[in-house]
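> Please see the structure below; I have some questions.
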């Protein structure tokens, strides 16, 4: 059986609709990924160069897997499709066109933890929050900045709606946000929101660049479109400005995020942005039983803003879903553990069971009860590998080799050295700043008690410079 014969009529319609704007409303379990993979294969089979196809997904891993699957069922040239997240795509675009925006192409990217460190540094330097009246936490400042960047709303309206407690601190908050912006500019730093913000600025204000990218990527596909924010949706539309060959895939009923400016409006308003949009509904479910889908359909009826769709399946019926109520978290955890043990007695292995939570911290009580009852479990979620302290320590050192102006990485790296605390780290950092990010300053620490730690750092930089120079000379 060929891959096309495995598609149902709605999936086939989505796969064969290649030109123009397309909205694919894919309910849960309706074969969304298979449809995207098949469409990639169909595009390449139709003679469209794979390098002119752009796939934007929620993770780079998801993009790699989709492209690999398309290569396996279709032409191996599918591997040349460019795929990734909005942030990774924007990172690549800004590296190439940074001079147009007066940004250094060697910029360092700040993750959320780095942003918190920068705000803490600015608070200490400018004495923000030292008065008796409350001042926003670093986490709140990051959230406010992110909302401004992603929604374009003024600070005043954000404070009034979400943080009325800090309205009287509006001037100070505005000042620290400006300081944050200047700090990043001076040290060639961009946070994740900046990647999106500056890419949109580039596409909006520089038609030559916009047209070049639109010509390069003649066919664009966006997965999980319901989880894109306003600025991401705008970027996708700008990229399709020359041809309108934009397919977005998502489900308004699965829009569960509200941070970083995310709303369901993007997927609801897509047909308004492209009036000739073709809308395709994927409603046949391959994952669930009719009893589960009946419950889902009843819940969906109550949505105030939605696309009308009805999930169905050919699967056999199963037991009705149950709603259980408990007095508190401990009773809930005990109740869940009893159900798990009962199911195991019925012959279902623990590996076939799962418990879902809205947030990772909601599992704390259950983890304790499972451990007490000797029920083995694996927890997915929490910190990512690159967010763990020891990996961030290593990355800070590598970032400095590329961008010696990165004060956040300097402080983190220097404080790893025995004998260096905040005062000494800031003293060395001050010298580095005055020397425009020169590692030569480290050589001046010879003879001090920390020389044995500073010296290897300085020599590592020298080695990096030599290697980097040879690589550039060879043209790689």
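Cβ coordinates are placed from backbone N, Cα and C, and glycine is handled just like the others.
In TrEMBL, annotation is done automatically, which means it is predicted and not curated.
Just lifted these from TrEMBL, have a look:
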- 5-289: domain 'UvrD-like helicase ATP-binding' (DOMAIN)
- 26, 27, 28, 29, 30, 31, 32, 33: ATP binding site (BINDING)
- 290-476: domain 'UvrD-like helicase C-terminal' (DOMAIN)
> Including all protein chains shown, what's the count of other C-beta atoms within 10 A of the C-beta of residue 33 (ATP binding site)?
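Excluding its own Cβ, the number within 10 Å is 16.
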> For a quick check of packing: other C-beta atoms within 10 Å of the C-beta of residue 31 (ATP binding site), how many?
22
> I want to check the contact list for residue 27 (ATP binding site): same chain, sequence separation of six or more, C-beta distance under 8 angstroms. What comes out?
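Residue 27 (ATP binding site) has long-range Cβ partners 251, 253, 281, 282, 283, 285, 309, 311.
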> Which state, by DSSP, holds residue 33 (ATP binding site): helix, strand or coil?
helix
> Please work out the number of neighbouring Cβ atoms within 10 Å of the Cβ of residue 26 (ATP binding site), leaving out its own Cβ.
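Within a 10 Å radius of the Cβ of residue 26 (ATP binding site) lie 27 other Cβ atoms.
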> Restricting to the domain 'UvrD-like helicase ATP-binding' (5-289), what is the model's mean pLDDT?
92
> Identify, in sequence order, the residues in the chain of residue 28 (ATP binding site) that are 6 or more apart from it along the sequence and have a CB within less than 8 Å of its CB; answer 'none' if there are none.
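Long-range Cβ contacts: 251, 253, 254, 285, 287, 288, 296, 311.
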